[in-house]
Ligand SMILES: NC(=O)N[C@@H](CC(=O)O)C(=O)O
Ligand SMILES: [Zn+2]
Ligand SMILES: [Zn+2]
């Protein structure tokens with residue numbers, strides 16, 4: 001089966017848009033020709049998509065997501081999460097192990113893969129836990145988890161509190177060429193605080209989460225990464241202090257990488273309108289100073305990639321208020337339009353930079369074959385209408401989660417078609 005995408009505006013090596021015609025054969029990009037492509041009469045076994053001059057990028061990659069299945073199917077399933085990802089233009093996603101049971105056995109890794117295959121929408125890469133049950137007490141069987149298909153080890157949702165445990169994990173991961181991905185949070189510095197230290201916490205009488213609670217783990221782990229030689233990847237970085245430590249570590253050649261979420265680039269604690277748990281996430285929204293440090297770090301490459309940390313929760317759970325509600329917001333369906341509108345349409349970033357941080361860079365950091373639009377690459381492609389403007393309406397989400405702080409935001413740059421392995425898995429016209 002052949003697929004042709006004509007009239008595709010594709011970024012060239014110089015970051016300029018050029019009209020191309022993309023030919024796909026058996027799920028792989030066969031050739032990319034200059035020009036819009038002839039309006040060829042449709043042959044029986046050829047499907048033609050006319051991109052009509054819209055942007056076509058390598059499929060977006062999201063290396064930090066929560067799909068909730070098994071155990072929390074009322075929040076999301078692998079199928080609904082995959083559909084939400086596809087609608088957001090993502091073709092490859094890496095899912096966190098904080099399900100119930102936790103993805104801490106080969107059997108659970110296989111279950112995630114099977115469910116993802118059944119859904120048949122996007123590529124789902126499972127992470128496995130560092131410690132059994134993410135309890136921080138005993139390492140999982142790294143060899144068996146790798147063998148089953150896990151792409152890295154992480155206890156996302158909680159920090160690994162014990163330094164020796166983390167060092168042992170890194171040593172083991174290094175010996176098998178696997179990365180350790182860390183949720184950086186020192187529990188003793190957080191103790192039930194729902195939001196960051198700052199104006200909002202003071203005004204509403206909440207205990208605040210201090211910046212050190214994140215940075216102290218980042219600093220500890222960088223030293224452990226230096227000692228063990230592991231590829232150490234910091235989850236959802238959010239503070240000026242963590243960034244300073246990561247920048248220094250990179251400068252002296254320690255193998256550390258990191259990621260950032262759109263909300264930590266766009267919102268600060270000053271933007272929280274009131275005690276509404278759709279503004280509660282971990283890490284919390286920090287100060288404007290932190291936001292500025294994050295933006296600068298993404299721009300200079302200290303922060304390698306953009307992830308959503310898509311973390312759906314039910315409306316009932318989020319209605320419990322700032323103290324009782326769980327941390328987390330959904331991310332797939334607003335990520336690209338948010339960043340495009342805030343940073344590219346305003347002229348601060350090139351379109352090339354935004355696309356790179358969501359495609360080629362995650363592929364490089366995690367050694368994936370995805371992330372490029374070239375002959376021989378998998379035909380994972382995203383069509384994006386940079387002119388389309390509309391408001392965020394959580395009721396229209398494909399995700400079960402409605403928990404977003406961006407309701408009503410008027411954004412440009414919406415994905416319209418998502419192709420995975422040469423198959424159209426989502427289209428706004430379907
Ligand atoms: N980010 C969040 O606020 N929540 C995540 C956990 C996590 O990413 O640490 C979740 O699983 O809900
Ligand atoms: Zn986390
Ligand atoms: Zn997470």
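Residue 1 is the first one shown; counting continues down the chain.
Using N, Cα and C of the backbone, Cβ positions are placed for all residues, glycine too.
Remember, TrEMBL labels are computer predictions, not curated facts.
Taken straight from TrEMBL:
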type	residues	note
DOMAIN	53-241	domain 'Dihydroorotase catalytic'
BINDING	64, 66, 156, 309	Zn(2+) 1 binding site
BINDING	66, 67, 68, 98, 282, 313, 327, 328	substrate binding site
BINDING	156, 183, 236	Zn(2+) 2 binding site
ACT_SITE	309	active site
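Overlay of TrEMBL annotations on the structure.
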residue	record	DSSP (3 states)
67	substrate binding site	coil
98	substrate binding site	coil
156	Zn(2+) 1 binding site	coil
183	Zn(2+) 2 binding site	coil
236	Zn(2+) 2 binding site	coil
282	substrate binding site	coil
309	Zn(2+) 1 binding site	coil
327	substrate binding site	coil
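The CA atom of residue 68 (substrate binding site) is located 12 Å away from the CA atom of residue 309 (Zn(2+) 1 binding site).
Taking the C-alpha positions, the distance from residue 327 (substrate binding site) to residue 156 (Zn(2+) 1 binding site) comes to 12 Å. Using a 10 Å Cα-Cα cut-off from residue 328 (substrate binding site), the binding-site residues that qualify among 156, 183, 236, 309 are 309.
Not one of the binding-site residues 64, 67, 68 places a Cβ under 6 Å from an atom of ligand 1. Comparing the Cα of residue 67 (substrate binding site) with the Cα of every entry in 156, 236, 309, these being the binding-site residues, the smallest distance points to 309. For the binding-site residues 66, 183, 309, 327, the greatest number of Cβ atoms within 10 Å around a candidate Cβ is found at 309. Of all the binding-site residues in the record (98, 236, 282, 313), the one with the smallest CA separation from residue 156 (Zn(2+) 1 binding site) is 98. The 6 Å Cβ screen around ligand 3 retains 309 from the binding-site residues 98, 183, 282, 309, 313, 328, ordered by sequence position.
Contact annotation for binding-site residues (64, 66, 156, 183, 309, 328) versus ligand 2: 156, 183, each with CB under 6 Å from a ligand atom.
With a 10 A radius on its CB, residue 313 (substrate binding site) counts 27 other CB atoms from all the protein chains. Cα to Cα, residue 282 (substrate binding site) and residue 64 (Zn(2+) 1 binding site) are separated by 13 Å. Inclusion criterion for the binding-site residues 183, 236, 313: a C-alpha placed within 10 angstroms of the C-alpha of residue 64 (Zn(2+) 1 binding site); this criterion is met by 236.
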